[in-house]
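As annotated by TrEMBL, domain '3-hydroxyacyl-CoA dehydrogenase NAD binding' applies to 3-180. Annotated NAD(+) binding site per TrEMBL: 8, 9, 10, 11, 12, 13, 31, 88, 93, 115, 139, 273, in sequence order. Residues or ranges marked as site 'Important for catalytic activity' in TrEMBL: 136. TrEMBL lists 183-281 with the feature domain '3-hydroxyacyl-CoA dehydrogenase C-terminal'.
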Ligand SMILES: NC(=O)c1ccc[n+]([C@@H]2O[C@H](COP(=O)([O-])OP(=O)(O)OC[C@H]3O[C@@H](n4cnc5c(N)ncnc54)[C@H](O)[C@@H]3O)[C@@H](O)[C@H]2O)c1
Ligand SMILES: Cc1ncc(CO)c(C(=O)O)c1O
């Protein structure tokens, strides 16, 4: 049985912990915050119910044990894989990786769930960079099956294979990112899209809720079935060439973050986690949205996997 430690139990942690335990791994869950540990404990049953709805059943050998830890050495002792999952600030990741690295066995693999900090940069913070790799999950991690695998400059080929096979062994989908570029692939695409969306709302081209409807029921819906490269062939490369010819130069290419975002974060409006961001949320509405989105994501995934042919 694979032994895994997840370091950081915030937005991503509980779903990762539950998903790997469901795959039979022994999972050690660590956070420096008691509140985060308590929240993760509370979330596990509801995450498990979503995994049941996805027909992601425990292996015959049963679900892996989950243990919670406040002592880092205890959390990572004897594990095969450590997943660093702390805030997306390189100074925090450096501190955590430098703390973890001397505590693990020589053959232990350390992976980062970073959203886009180059793996080669993070490799500088561990004793054995050959055993360090990017393992970028997507939110919500217990539902989205695709995980990016990103080798850094020093990552050993067998470590890439190990992580890819581990992901496959969970019934998830590893995608190899061949070059260690900032943002990897998923977030480069997502952030190009988000930059354009924020700019369109900033310019008054469309209201925020109408933009969400436009993208979700237009390209979002389509891309869930037809990937971008396949879409080019469906639309016609001649159409893409003609439209790009006049549109590319007009797209947002801002190198800075919109004031609409920076003013909100400065005011503490971070989104659902603070009760308001682009939209406002009550605790009840957050719960409603969480359940509704999980239900819809589960139903969509079941259809995409061919489990529920309507
Ligand atoms: N939120 C997303 O949509 C998403 C998706 C994929 C990947 N990621 C990436 O995953 C990582 C974690 O993201 P998140 O959204 O879960 O962050 P988060 O801020 O929600 O949670 C971070 C957790 O780390 C804990 N923490 C802080 N310092 C710590 C330390 N020294 N040791 C152990 N725990 C510590 C915090 O208490 C918190 O519980 C980031 O690198 C992020 O970019 C985020
Ligand atoms: C806004 C945003 N930023 C990063 C990520 C993943 O690293 C996500 C996501 O997983 O959905 C995201 O929505």
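Cβ atoms are placed via backbone N, Cα and C, with glycine included.
Because TrEMBL annotations are produced automatically, they should be read as predictions rather than curated entries.
When the alpha carbons of residue 93 (NAD(+) binding site) and residue 136 (site 'Important for catalytic activity') are compared, the span between them is 14 angstrom.
Between residue 10 (NAD(+) binding site) and residue 136 (site 'Important for catalytic activity'), the C-alpha separation comes to 15 Å. On a Cα basis, residue 136 (site 'Important for catalytic activity') lies 11 Å away from residue 12 (NAD(+) binding site). Annotation for residue 136 (site 'Important for catalytic activity'): same-chain Cβ neighbours under 8 Å, separated by at least 6 residues, are 113, 114, 115, 116, 147, 148, 149, 150, 184, 186, 187. Once Cβ contacts within 10 Å are tallied over all protein chains shown, the binding-site residues 8, 10 are led by 8. Non-local neighbourhood of residue 139 (NAD(+) binding site): 11, 12, 15, each in the same chain, at least six residues away, with C-beta under 8 Å from its C-beta. Checking the binding-site residues 12, 31, 93, 139 against ligand 2 with a 6 Å cutoff on the Cβ atom leaves 139, in sequence order. Packing around residue 12 (NAD(+) binding site) is summarised by its Cβ count: 21 other Cβ atoms lie within 10 angstroms of its Cβ, all protein chains included. Selection of the binding-site residues 10, 12, 93, 139 by a Cβ distance under 6 Å from ligand 1 yields, in sequence order, 10, 12, 139. Residue annotation for NAD(+) gives 8, 9, 10, 11, 12, 13, 31, 88, 93, 115, 139, 273. The furthest Cα pair among them is separated by 21 Å. Across the domain '3-hydroxyacyl-CoA dehydrogenase C-terminal' (183-281), DSSP classifies residues as 66 helix, 3 strand, 30 coil. Around the Cβ of residue 31 (NAD(+) binding site), the same chain contributes 7, 8, 9, 10, 13, 37, 40, 70, each under 8 angstroms and 6 or more positions distant in sequence.
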